[in-house]
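All remarks here apply to the structure that follows.
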Amino acid sequence: MATTASGSSGYVCCRFFLQVITGRWFMMFASFLIMACAGATYLFGVYSKDIKSTLGYDQSTLNLMSTFKDLGANVGVLSGLLAEVTPTWFVLLVGALMNFTGYFMIWLAVTKRVATPKVWQMCAYICIGANSQNFANTGSLVTCVKNFPQSRGMMLGLMKGFVGLSGAIFTQIYYAIYGNDSKSLILLIGWFPAAISLVFVYNIRAMKISTHSNETKVLHEYLGIATVLALLIMALTIAQKKVPFSHTAYLFSGVAVCFIMFSPFLIAIREEFYTWRNREQLTAPIRLVDEAPTLPETEMKSEIEYESMETKEASASGCSSIFKPPKRGEDFSILQALFSIDMFLVFLGTFCGLGCSLTAVDNLGQIGESLGYPHQAVSTVVSLLSIWNYFGRVFAGFVSEIILLKYKIPRPLIMSLVFLLAAVGDLLIAFPWPGSVYLASLLLGFSFGAQQTLLFTIVSELFGLKYYATLFNCAQLSSPLGSFVLNVRIVGKLYDKEAWKQLAAKGMARSMVKELTCIGKQCYRLSFSILAATNTFGSIVILVLVLRTRKYYGGDIYKRFRDEIAENEKEMALKSAQEMQMVES
């Protein structure tokens, strides 16, 4: 009898342990860790000087590498298409391999462990390394949205927020491990994200969605942890600029950051225990009587329904149905979504909004220089932008979700207002006054972060989750395209034009100066006035989307997911009851 009880207890403990490491909450914790390591591209400015000095590059060559970095970071269609035909673990595995290969080869080149690569090879390495973050995005972010469809706004806000903090997190960890050796930062960027992905490669997977009474509360707890992490990193960043830190102090800083990063693991255990207990209570009164369908019958019914659904989807996926899309919120095919008016409006609007924001962020350091800000002040402005970028991401996720559910205000309307906020930031740079760049960095960082979360959320709401991995990667292509047109073709050329004027006024030739530099308020006046107008146009475009989708957002956009949850819970309760009966017998 005692042996039987002991065996039963051990079986229960094993089942609970397996539930923890295979459950939704541990999956969410693992996803946040992966996303916290998926923003290495933000650190290019830290180690780029090592590439420039060690390999003897000029600024133009370094800018070329930066362009390939941005190209790799923003073109994620390959990872999306791969996710449609392979399991999530394979997507994460490919991303880990690409991340390690790209950055490890750069580290070998910078430390002179291999022969000096050609420029095109270095561009390829950094493009491969940067592109790996799209595989992490696709693998973990898309899976989390599918597993928590009713909280997708909050979920996306948190996950994109962790990406926004990842550069600062990496900085603290690399100080703790390697000290102030920026070459070793490249090595850390190569092995650390790859290792995190490999550790959790089998934990990130789509699951049957189920309800949880504490879901919103847990997400708010994660928000609190992430906010504490952001404030801690901001305090450490400011302190490290004001006071010299020893390696021991850096070590303690890194440990503190890692402790907060891993603290959500305790929440995962707690919530899985609640889920376990509630499931046991639900299955206790269930008896497998003759009138109830047996598990094989249930599986047979599900299989028939699944095959029927697949047949229906296959018949609807042909070319003839491209211009006959389903209702908003249902699962569009890739071509149905790409050829829809709604996607065109989303793409055009974000081409303007995200293109302007990326342009402003890329030029912020030079803007401070042109207005006479000291180097320390410019660094502070960039740090402020990163922190407010994080707050914009989580604000857009949490606040837009509350406003949508409580007041039925369409999420695209919030995006339209965010574009106008960015336009105000652009005008503060076009017509500056003393200290206005600080306020501009706040507005631009906040709006940039908010736009990214809102874009990913709106795509999931309008076009469904079946092909979400590909569709959100297609939608974000508007970002690098907008940045190229606005940054390279407009802002860069107008800046050079003003610099040429100043050079001519001094009676100097181009060969007499190392680089073109413009000083004064006029350097960015015209270009950022154009960006403000572009942001306003993008806001109007999104307002058209608001008018088209107001009826959809006025309804219950999560109803079909609640129905699916109810069916899944019935099936899980029946299966759990059968398992318990087998153990008792």
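Even glycines carry a Cβ here, placed using N, Cα and C.
Automatic, uncurated: that is what TrEMBL annotation is.
Feature annotations, courtesy of TrEMBL:
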type     : residues : note
DOMAIN   : 24-269   : domain 'Nodulin-like'
DOMAIN   : 337-553  : domain 'NFD4 C-terminal'
TRANSMEM : 25-47    : transmembrane segment
TRANSMEM : 89-110   : transmembrane segment
TRANSMEM : 156-178  : transmembrane segment
TRANSMEM : 184-202  : transmembrane segment
TRANSMEM : 222-239  : transmembrane segment
TRANSMEM : 251-269  : transmembrane segment
TRANSMEM : 337-361  : transmembrane segment
TRANSMEM : 373-391  : transmembrane segment
TRANSMEM : 412-431  : transmembrane segment
TRANSMEM : 437-459  : transmembrane segment
TRANSMEM : 526-547  : transmembrane segment
Region pair the transmembrane segment (251-269) / the transmembrane segment (25-47), three or more CB pairs under 8 Å: yes
Feature contact check the transmembrane segment (437-459) with the transmembrane segment (156-178), CB under 8 Å, 3 or more pairs: yes
Range from 25-47, 222-239, 412-431, 437-459, 526-547 with the greatest count of C-beta pairs under 8 A to the transmembrane segment (337-361): 526-547
Across the domain 'Nodulin-like' (24-269), average pLDDT on the 0 to 100 scale: 89
Cβ contacts under 8 Å made by the transmembrane segment (222-239) with residues that lie 6+ beyond its boundaries: 28, 32, 154, 157-158, 161-162, 165, 168-169, 171-172, 245, 253, 256-257, 260-261, 263-264, 267, 383, 387, 390-391, 394, 398
Candidate ranges 25-47, 184-202, 526-547 - greatest C-beta contact count to the transmembrane segment (412-431) (under 8 angstroms): 526-547
Other parts of the chain folded back onto the transmembrane segment (184-202), taken as Cβ under 8 Å at six or more residues beyond its ends: 30, 33-34, 37-38, 40, 43, 46-47, 50, 89, 92-93, 95-97, 99-100, 102-104, 106-107, 110, 129, 132, 136, 139, 170-171, 173-174, 177-178
